[in-house]
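Below: the structure, in structure tokens.
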């Protein structure tokens with residue numbers, strides 16, 4: 001097996017790519033699944049081993065930090081992951097499990113195959129479909145304060161469609177009455193308790209790991225320790241793999257022996273959010289609070305989003 005440093009060296013090119021979340025094209029997937037390709041994984045993957053269905057999935061949430069988590073876990077020599085989002089359990093299910101397997105990178109015995117598609121968490125059919133593939137699949141959900149997540153989601157859309165209405169207009173059904181429009185996907189995704197209920201009908205909590213998007217920025221090594229333990233991996237991705245980039249405001253991966261420049265996520269990550277009316281933020285916090293409390297109770301974890309807001 002390769003030393004962690006070697007894996008990162010070969011994989012660092014993945015950090016240069018800047019795929020938009022949830023925008024994988026059929027062309028990218030056919031390239032990933034074509035003979036001789038590495039399934040979007042590390043170029044150090046040998047051309048032997050076999051393609052296997054994933055044993056672990058990063059299922060959400062959009063704009064939570066899933067790309068950062070994927071790149072960090074790919075630094076582990078016992079993990080092979082697809083760089084593109086296969087969208088199998090939401091958009092491509094009719095193509096069948098063999099198509100899905102073919103998109104995966106080749107792995108050796110003992111290595112874990114993974115993929116991430118953040119829209120799975122909010123797709124009604126996804127839990128049943130994943131359960132029917134393998135009921136012992138391990139699931140990872142990266143969650144983030146739903147208010148900042150919604151603004152980040154809007155910011156991404158705005159960068160592609162500058163003509164869309166303002167955040168304030170889209171967030172309310174009736175601004176005067178303060179009625180939040182929960183049918184707008186940017187708002188709806190953050191009602192985590194609602195979506196989790198769907199998953200708990202098929203998977204026990206012990207098979208789902210909730211990663212804090214905030215702690216992934218402030219303490220990436222700590223969150224990665226939990227991820228590696230959950231996946232049954234040796235803790236190889238540690239403090240020495242990260243470097244905090246003050247300009248972007250989040251950690252970047254680096255070679256553990258400090259002999260090359262750190263690799264950061266692409267330009268679409270860490271965009272400056274538009275200024276939102278404080279009253280709108282206040283109303284959104286009130287809207288999400290009962291759902292957040294319910295989510296903390298369901299998961300047995302307090303993500304302290306309310307506390308974080310009162311500190312501001």
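Positions of Cβ are set from backbone N, Cα and C atoms, glycine also.
Annotations in TrEMBL come from automatic prediction, not curation.
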Inset, instruction - State the residue range annotated as region 'Disordered' by TrEMBL; the candidates are 1-51, 52-102. - result: 1-51
Legend entry - Within the predicted model, mean pLDDT of the domain 'Sulfotransferase' (54-289): 93
Legend entry - For residue 272 (3'-phosphoadenylyl sulfate binding site), nearby residues of its own chain (Cβ under 8 Å, 6 or more apart in sequence): 155
Legend entry - All-chain count of other Cβ atoms within 10 Å of residue 65 (3'-phosphoadenylyl sulfate binding site): 28
Legend entry - Between residue 65 (3'-phosphoadenylyl sulfate binding site) and residue 264 (disulfide bond): CA-CA distance (Å): 13
Legend entry - In the chain carrying residue 152 (3'-phosphoadenylyl sulfate binding site), residues 6 or more apart in sequence that have Cβ under 8 angstroms from it: 63, 144, 271, 273
